[in-house]
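Contents: one structure, followed by commentary.
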(Lines of atoms letter the chains of each structure in order from A and count residues from 1; the text may use other names and numbers.)
(Lines give C-alpha, C1' and ligand atoms only; values in the text may rest on other atoms or scores of the structure.)
Protein backbone atom coordinates (compact mmCIF):
# COMPACT_ATOMS: atom_id res chain seq x y z
CA UNK A 1 0.00 0.00 0.00
CA UNK A 2 1.32 3.38 -0.96
CA UNK A 3 3.25 5.29 1.64
CA UNK A 4 3.44 2.48 4.17
CA UNK A 5 6.24 0.25 5.30
CA UNK A 6 6.06 -3.51 4.78
CA UNK A 7 5.66 -4.22 8.49
CA UNK A 8 2.62 -2.01 8.90
CA UNK A 9 1.09 -3.54 5.76
CA UNK A 10 1.32 -6.97 7.32
CA UNK A 11 -0.17 -5.69 10.58
CA UNK A 12 -3.04 -4.06 8.72
CA UNK A 13 -3.75 -7.21 6.68
CA UNK A 14 -3.70 -9.28 9.86
CA UNK A 15 -6.14 -6.86 11.49
CA UNK A 16 -8.45 -7.02 8.45
CA UNK A 17 -8.36 -10.83 8.54
CA UNK A 18 -9.26 -10.81 12.25
CA UNK A 19 -12.16 -8.44 11.60
CA UNK A 20 -13.36 -10.64 8.72
CA UNK A 21 -13.31 -13.69 11.01
CA UNK A 22 -15.28 -11.76 13.63
CA UNK A 23 -18.00 -10.85 11.14
CA UNK A 24 -18.09 -14.39 9.72
CA UNK A 25 -18.58 -15.78 13.22
CA UNK A 26 -21.97 -14.06 13.40
CA UNK A 27 -24.08 -15.34 10.48
CA UNK A 28 -27.58 -14.03 9.77
CA UNK A 29 -30.28 -15.61 11.96
CA UNK A 30 -32.35 -18.45 10.55
CA UNK A 31 -35.85 -17.64 9.27
CA UNK A 32 -37.50 -20.59 11.08
CA UNK A 33 -39.68 -20.40 14.16
CA UNK A 34 -42.41 -18.17 15.42
CA UNK A 35 -42.48 -14.45 14.80
CA UNK A 36 -41.35 -13.76 18.37
CA UNK A 37 -38.47 -16.24 18.12
CA UNK A 38 -37.32 -14.70 14.82
CA UNK A 39 -37.56 -11.21 16.33
CA UNK A 40 -35.47 -12.26 19.34
CA UNK A 41 -32.84 -13.88 17.11
CA UNK A 42 -32.61 -10.73 14.97
CA UNK A 43 -32.34 -8.54 18.07
CA UNK A 44 -29.52 -10.67 19.49
CA UNK A 45 -27.81 -10.74 16.06
CA UNK A 46 -27.94 -6.93 15.80
CA UNK A 47 -26.49 -6.59 19.29
CA UNK A 48 -23.61 -8.94 18.37
CA UNK A 49 -23.08 -6.94 15.15
CA UNK A 50 -22.79 -3.73 17.21
CA UNK A 51 -20.24 -5.40 19.50
CA UNK A 52 -18.24 -6.68 16.52
CA UNK A 53 -18.31 -3.21 14.96
CA UNK A 54 -17.03 -1.68 18.20
CA UNK A 55 -14.25 -4.28 18.50
CA UNK A 56 -13.32 -3.75 14.84
CA UNK A 57 -12.98 -0.01 15.35
CA UNK A 58 -10.73 -0.59 18.35
CA UNK A 59 -8.56 -3.04 16.39
CA UNK A 60 -8.17 -0.64 13.46
CA UNK A 61 -7.44 2.37 15.66
CA UNK A 62 -4.75 0.36 17.44
CA UNK A 63 -3.15 -0.83 14.20
CA UNK A 64 -3.38 2.52 12.43
CA UNK A 65 -2.32 4.44 15.52
CA UNK A 66 -5.04 7.05 15.38
CA UNK A 67 -8.34 7.74 17.02
CA UNK A 68 -11.55 6.54 15.39
CA UNK A 69 -13.17 9.84 16.41
CA UNK A 70 -13.38 12.29 13.51
CA UNK A 71 -11.32 15.44 13.74
CA UNK A 72 -13.64 18.43 14.25
CA UNK A 73 -13.89 20.55 11.14
CA UNK A 74 -13.43 24.27 11.67
CA UNK A 75 -16.23 26.11 9.89
CA UNK A 76 -16.35 29.85 9.28
CA UNK A 77 -19.05 31.88 11.06
CA UNK A 78 -22.43 31.41 9.40
CA UNK A 79 -23.15 35.14 9.25
CA UNK A 80 -20.19 35.58 6.89
CA UNK A 81 -21.22 32.84 4.44
CA UNK A 82 -22.85 34.03 1.22
CA UNK A 83 -23.73 32.51 -2.11
CA UNK A 84 -21.61 33.98 -4.88
CA UNK A 85 -23.03 33.25 -8.31
CA UNK A 86 -21.19 36.01 -10.14
CA UNK A 87 -19.32 33.35 -12.10
CA UNK A 88 -21.06 31.02 -14.53
CA UNK A 89 -22.68 28.58 -12.10
CA UNK A 90 -24.05 26.21 -14.75
CA UNK A 91 -27.10 24.01 -14.36
CA UNK A 92 -25.52 20.68 -13.49
CA UNK A 93 -25.97 21.24 -9.76
CA UNK A 94 -22.44 20.10 -8.98
CA UNK A 95 -20.32 23.07 -9.99
CA UNK A 96 -19.10 25.22 -7.13
CA UNK A 97 -19.93 22.59 -4.52
CA UNK A 98 -17.40 22.11 -1.76
CA UNK A 99 -15.75 25.52 -1.67
CA UNK A 100 -17.96 28.10 0.03
CA UNK A 101 -17.33 31.71 -0.87
CA UNK A 102 -16.68 33.87 2.17
CA UNK A 103 -17.27 37.56 1.67
CA UNK A 104 -16.73 40.09 4.43
CA UNK A 105 -19.54 42.34 3.18
CA UNK A 106 -22.83 40.94 1.93
CA UNK A 107 -23.79 41.85 -1.64
CA UNK A 108 -26.33 44.67 -1.97
CA UNK A 109 -28.73 42.39 -3.85
CA UNK A 110 -29.17 40.17 -0.81
CA UNK A 111 -29.57 43.10 1.58
CA UNK A 112 -32.10 45.13 -0.37
CA UNK A 113 -34.63 42.37 -0.97
CA UNK A 114 -35.85 44.09 -4.15
CA UNK A 115 -35.40 43.13 -7.77
CA UNK A 116 -33.74 45.53 -10.18
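Heads up, the Cβ atoms here are built off N, Cα and C, so glycines get one too.
Some features that Swiss-Prot has for this protein:
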| type | residues | note |
| --- | --- | --- |
| COMPBIAS | 36-47 | compositional bias 'Basic residues' |
| MOD_RES | 5 | phosphoserine |
| MOD_RES | 8 | phosphoserine |
| MOD_RES | 92 | phosphoserine |
| MOD_RES | 99 | phosphoserine |
| REGION | 18-26 | region 'Homomultimerization' |
| REGION | 24-49 | region 'Disordered' |
| MOTIF | 34-50 | motif 'Nuclear localization signal and RNA-binding (RRE)' |
| MOTIF | 73-84 | motif 'Nuclear export signal and binding to XPO1' |
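Per DSSP, the region 'Disordered' (24-49) is made up of 16 helix, 0 strand, 10 coil. Per DSSP, the secondary structure of the motif 'Nuclear export signal and binding to XPO1' (73-84) breaks down as 3 helix, 2 strand, 7 coil. Look at residue 8 (phosphoserine): DSSP puts it in a helix.
Predicted-model confidence for the motif 'Nuclear localization signal and RNA-binding (RRE)' (34-50) is 96, expressed as mean pLDDT.
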